[in-house]
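Below is one structure, written out as structure tokens; the observations come after it.
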Amino acid sequence: MPLTLHHLGLSQSERIIWLAEELNLAYNFVHHKRDPIFAPQSIKDLHPAGTAPVMEDDPSPVTQSRIVLAESGAIIDYIIAVHGNGQFAPTPKDGETYANYLEWYHFANGSLQPALFSVLMTRGPASDPNSPVVVRTLAKWDQLLSMMENRLGETGAYLAGKTLTAADIMTIFTLTTMRGFCPVEYDGEKHKHILAYLERVGERPAYRRAMEICEGKEFVPLLGVKAEQFSLMKR
Ligand SMILES: N[C@@H](CCC(=O)N[C@@H](CS)C(=O)NCC(=O)O)C(=O)O
């Protein structure tokens, strides 16, 4: 089995396992435990980025030798192109869906994830909730959620259109597991399309399998209005 997918517990590498399960790929799964909240040496040994996900393809059909990749977007593009027959990545022949796909695919790590990360970095227990930085970062997060809410209201399904694409696979971590690090709530009315979207994703067998592979049977994906902070953040 040439493909090895490295997952760091409770992290954005869940995206890659979800994609592999949607594609029904054969792969080796390696779980790395956080140490205590950051990446352990075993991840740093794989790639200078020192972050998860990391993918190894050995031998890669592209180079006939070992390829090691970090960065969710790069790994997703590689797997879809090399092992996935182009599935979940619309192309120009898909018309408007292609344009929407590109925008939302890049929105995930270009805007949404940095926005919630900024909330995490600025809104600590000791921070003043009225400080301009805290207010601004939360306002940015709210604005991006509204944008996504409108889009999901338009499609009634997924971000690029009626079917799942890699744009959704990139996005869901920020809307779910990331909230275990930085609890933000959704509003049942204001975010009703986002909540319906999370429910839709939560019903996908491949998503459920991926979450169980990544975090174990007991883990409950953070798909609802509220999210409890992970215990590893309360040390
Ligand atoms: N842009 C990168 C971000 C990767 C990243 O920051 N991963 C986090 C997990 S969510 C990580 O490995 N953190 C551990 C650390 O930085 O020590 C990607 O999409 O792969």
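Using N, Cα and C of the backbone, Cβ positions are placed for all residues, glycine too.
Bear in mind that TrEMBL entries carry predicted annotations, made automatically and left uncurated.
Annotation source TrEMBL lists domain 'GST N-terminal' at 1-87. As annotated by TrEMBL, domain 'GST C-terminal' applies to 94-223.
Per-residue pLDDT, averaged along the domain 'GST C-terminal' (94-223), amounts to 96 for this model. Secondary structure of the domain 'GST C-terminal' (94-223) per DSSP (helix as H, G, I; strand as E, B; remaining residues coil): 88 helix, 0 strand, 42 coil.
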